[in-house]
Amino acid sequence: TKSVVASQLIPINTALTPAMMKAKEVSPKGIPAEEMSKIVGMQVNRAVNLDETLMPDMVKTYQ
């Protein structure tokens, strides 16, 4: 299964948009790609580098 990764540098406290994310096969696994639409609009609590996997603890209010 694919996970959500950053398709660009995402600064701290930025609200996520679809253009900032892509689905990719990675290890360890992060937020599942099928939840990408669910996290749109949520803010990251730290800077996320290009191609870095989004983990649940990086996204504010992610359940």
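Each residue, glycine too, has its Cβ placed from N, Cα and C.
Listed features, source Swiss-Prot:
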DOMAIN    3-62  domain 'AFP-like'
SITE      Gln8  site 'Important for ice-binding'
SITE      Asn13  site 'Important for ice-binding'
SITE      Thr17  site 'Important for ice-binding'
SITE      Gln43  site 'Important for ice-binding'
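The number of other Cβ atoms within 10 Å of the Cβ belonging to Gln8 (site 'Important for ice-binding'), over all protein chains shown, comes to 14. The Cβ neighbour count for Gln43 (site 'Important for ice-binding'), using a 10 Å radius over every protein chain in view, is 16. Geometry remark: Gln43 (site 'Important for ice-binding') versus Thr17 (site 'Important for ice-binding'), CA distance 10 Å.
Using a 10 Å radius centred on the Cβ of Asn13 (site 'Important for ice-binding') and all shown protein chains, the other Cβ atoms total 11. Taking a C-beta cut-off of under 8 Å and a sequence gap of six or more, Thr17 (site 'Important for ice-binding') has these contacts in its own chain: Val40. Under the DSSP three-state reduction, Thr17 (site 'Important for ice-binding') is assigned to coil, being neither helix nor strand. As a summary of secondary structure, the domain 'AFP-like' (3-62) carries 13 helix, 16 strand, 31 coil according to DSSP.
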